[in-house]
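S.K.: Here TrEMBL flags 4-117 as domain 'Response regulatory'. Residues or ranges marked as 4-aspartylphosphate by TrEMBL: 53. What TrEMBL lists as domain 'OmpR/PhoB-type' is 81-191. Per TrEMBL, the feature DNA-binding region maps to 81-191.
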């Protein structure tokens with residue numbers, strides 16, 4: 001069965017180019033041109049990946065991300081003209097798995113799509129990683145354990161994943177008891193007291 005990608009892009013020229021590349025690579029594509037349509041299509045299509053522009057008419061891409069992440073673990077790749085670090089960090093903190101700025105290389109975009117779909121397919125989730133008790137792990141070490149050395153994600157992807165894990169594991173994700181941040185060093189899994 002083909003993996004499904006929901007492309008949320010209001011610029012038809014960009015959407016057509018992205019879809020052409022995705023379909024050539026064997027993915028099933030669906031297109032939404034605004035945030036409201038994206039949310040409706042998401043429920044109907046149940047995609048494996050959402051490629052999401054931030055500057056959408058109506059409900060913007062950040063709001064779409066927030067709503068998708070509230071109910072789903074779908075892979076989200078932001079594809080946007082917003083290039084400031086604060087926009088990137090906000091997108092990742094809201095739950096995006098990766099962030100590509102326009103203009104972009106189609107080869108890089110396709111590599112990131114493959115990486116996200118490979119992770120979303122369950123191969124990473126089925127793997128058990130023994131982190132040991134109270135050991136501090138840097139973002140780099142965690143990325144290598146999860147994605148290997150041939151990754152195309154940045155270290156903020158780990159922050160996004162940790163945030164999602166905390167929402168699932170912690171009673172109060174804002175004050176984590178299990179997955180703790182060690183500022184300047186990384187993360188540790190603490191034994192509950």
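Using the three backbone atoms N, Cα and C, a Cβ is placed for every residue, glycine included.
Heads up, TrEMBL stuff is auto-annotated, nobody curated it.
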S.K.: Looking only at the domain 'Response regulatory' (4-117), what are its DSSP counts of helix, strand and coil residues?
M.R.: 57 helix, 24 strand, 33 coil
S.K.: Can you give me the same-chain residues 6 or more apart in sequence from residue 53 (4-aspartylphosphate) with a CB-CB distance under 8 Å?
M.R.: 8, 9, 10, 11, 14, 61, 78, 79, 80
